[in-house]
């Protein structure tokens, strides 16, 4: 199983939760900015609003927690790399302890901080980075080394800082008897962008809706900065070092500065820095006086008044229940009438009651906090921080850890409520400047300058919102709080003071303050959200092309629109953009990261969107927030690794095989989710309208090239020249980390789901409708299938749909190649259960569907792999490899290699087997000679011993052939040969008995096979028929030749292929399909061998009965007819299912064809007469003749299928089976799996087309060059030859009239100068066929050359020397 197979589905937040995670989420829930549906949203979106009560589903919290966890992980790796674990048995290769133990007493150098940081960031960025941590690793004993570079420097003078000077005017005193209105975490009313003040002052409205972190500093007035500054020590740096310039920057050092250990160390330094004045000298603020004016700017900054926050063990945020929590940090900001900037004073009795209700903070485990009673210098009571949401009843269906988490910071009820979680004690105290730095590290939208000032935070105990009773919460509720359906009033309500929409009674106080997101996406919603992001200019900056995508012209007038607000102020509009940005990002994260919501969004009527609509939706989303889309889909794809319910019920004797609690998806839902994610990857690619450019870029990437130019390498790969910009755009997306991470997870899920299918079938039995071969890929191919009933949501022009249908399969192949390039380690054996296995599975499924997807075979080539593997050892290792569910071999997918490479692998396998057979025979031969020598045998006995052991000791397979009886001599000498003899190198002595001097170096073999095959396939032999039109040979049905002759003919073909020779034969592709074990069922399978028959049957299938019925026009009976010995034999065809059955005795059914080769013995001499046998067969057929049914419209498809079966199988079954036995005698059965029928035909027959221009381009010359007049005359004469003379020339020089596989470039053709010839009746051109050399004399003119060369070609037979 893959590494992702056991990974929990993190999208829904169902992973394992530890206490540290709960504390971290609790703090982030207090601090995060909650997205809400803006008030100017269209009314159609209000019905889709969903409330989020799970902290892990809030995008801001999710992003901050990931950043924090990565920061912690980097720190652990740094400790592991620099300090080690100290265990004597450590075997973690990256641990310093292990490295030190391995080197022994040899000196070892520690990593410096920059090197350790570089390696730590890399290790923490890998898949499953926790697996690389040392199990013996202990917490660090000292602060990070990066902190040592920080120095505390006293400030030259105390500086005043006022974030918003205009707000320094003291607000009016509120009514004490009225409690403060509840505010959200930004200080805004419960509904974002809605002013509860009811005033028409745009300033106040904008102020009320502004984020709290921006407002608090201005409302509390100016404040003083600390009297010290933290600076980094200057250090020498090698500016030529890449690591120092990248990982030595402040951005990477912050990964160590913001860890709890580093913050604790800096807090100690901050407390020790300088002397602290006596607290008695500072004025104590009155508990009854509200804040009336900003503090005295001239008073010195009191050290005791500096805030002293604590650092939680798992985060840099304050805990929700500690006395340094959020309520102590931020004061109340809404007064009696909802006016911003007011504080509600609290009486002493109220303070005492609140202090009694608050739980006492747990004891601290570290240093006691210094100056724990420090208070903010104000003239009023300490403000209370309201929580982001109102109390609500926890969801009983949620998991217990989440229920406790949500109740902890938010839950209503009394303080004595059972089950309320108490946070862990804080680890240390730090000064405020560092706390500001840590908070800025969590949320991107808050800068250091806009954080709350030190004096705006009260460090004393606070009253948590969770401790307020429901009655108190009801008193704090505003009568004008907007409803959940409307979410918020329009912008006009927030600026003009107009009354918002009335809230329905069903909405609770909880829902008004919870984060919101849309519960689903469709094409209209996607268009609207993306238009908002693009219009506001808040879309993510990215490298995808095109940068922006607009709606088609046909949809411009349709769709959702925002409500106009002409009175909106510029500041309100700027905040509105951020509000929309938060809501859109939250919606995309909420929907796309949840498998159920994602499936619900892109399905209609129970079916997935059509491929073009789904691609369009993903195209728009990836152009506004690609990082968010890829990451969210990556989270959703984790659910693909959850096993099916049937597997979750399996149990072993000791434990469960799979956890039953994981949410599982059916194959249908998993396939739909996979299709959605794959369409996102396809949409991320550049939008190309020219398919040829797309094909060229794909071919470049198949060769491992990123950029195409006009050089020879590019011209070798592609015919065109793709634009450089397009190549770079493709490189950007296919190397994007997040997109590639999503692709790797999806491909790993494909292999995992296939493993689940196989496991279900092997353990509990598969469903009868279960498709084990495709499984999870079925929905994807149903979308890409043009004949399927897809749900077409959007109307696109037909040319655009055609372009899309051609583009998607190509891009899917490119993504599979990208994953292979990323994960491949150079070995031909690859894992079958990881991203590589899934990528190969997708390529294999696309290859099987290539006809439906209109993909040619060359689209699957991946030459990059072949160029980096050994052409000899790799195919040899494949023979002994057995593919399993865990490991597969690249040669199991031969279609990713080109034809020349596959032929090279095939011949390497044959050469290896030949070399082994030769060495074994040579070893036996040497042993026999040694035995004979030691035994003292004479010459006669020695020769006799060698003759008897010749099958074991002969190094070559030697054939002595007479020209007058080539085929008979070959049959006699090949009959009953052992396999080890056939595998040895072949030597042919042709015509030596008549005085020919042929030395066989390849040319004699070629001549022998040419003569033998021509005689064997001659129609007069009665074994094969030759079509007069196509000149193709096929078995004669019911041939009188015995089966052993067909077997020997197959052996001749096998010997030629095994020795790397081509034959002058032409067989239909149907023969090669049958030799490879592929069925022959379609008309195009027989079109090359029987073109007239295929044309007639096609006309029968396409006939429209408007012009007449099939019976009347074609008048065909359901019979198969064939000509045997000049007479027609007809048999009624039986259906395939009935014909394949056998009777109870095991004999063949009536489907067998009559044979004339072996008549009964009692017929005597007459049985050997073919004509008599045919006449007898005809007489028997007439006696049993019955009326066959006619071919009709209803049974014409069955008739065509049965006719093809009878033609290629039933009528010639004995002959073909004998031929196939001989053909497989010399060839390894696994090596034939490398070939397609077309490629096997090229290997056996060669290429019949001869390109003279290409032959001249690759020809070589000896004794002259291409510019010689005789050479130019030679090619001028050859160019005017017809096809017959071209084949004669090629046969004269190379002994074969066919071009080998791969073209003329693989042919040896040498034109050698053979002296000068002036006599018109002088020498003729000659050749060395073994070496492909033409010996051409230098004739005096062109006419003489034409005459002498033509005479040599017309009379070429026999060998003087070959």
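Cβ coordinates come from backbone N, Cα and C, glycine included.
Curation does not apply to TrEMBL; its annotations are automatic.
Looking up the ranges 158-212, 213-267, 598-652 in TrEMBL, the one annotated as region 'Disordered' turns out to be 158-212. Looking at the stretches 59-90, 91-122, 123-154, 539-570, the one that TrEMBL records under the feature region 'Disordered' is 539-570.
Residues 1135-1189 are the range that TrEMBL records as region 'Disordered', among 1080-1134, 1135-1189, 1190-1244, 1245-1299. Within the model, the domain 'HECT' (978-1362) carries an average pLDDT of 82. Of all the Cβ atoms in the protein chains shown, 21 others lie within 10 Å of the Cβ of residue 1330 (active site, glycyl thioester intermediate).
In the region 'Disordered' (539-570), the DSSP tally of helix, strand and coil residues is 4 helix, 0 strand, 28 coil.
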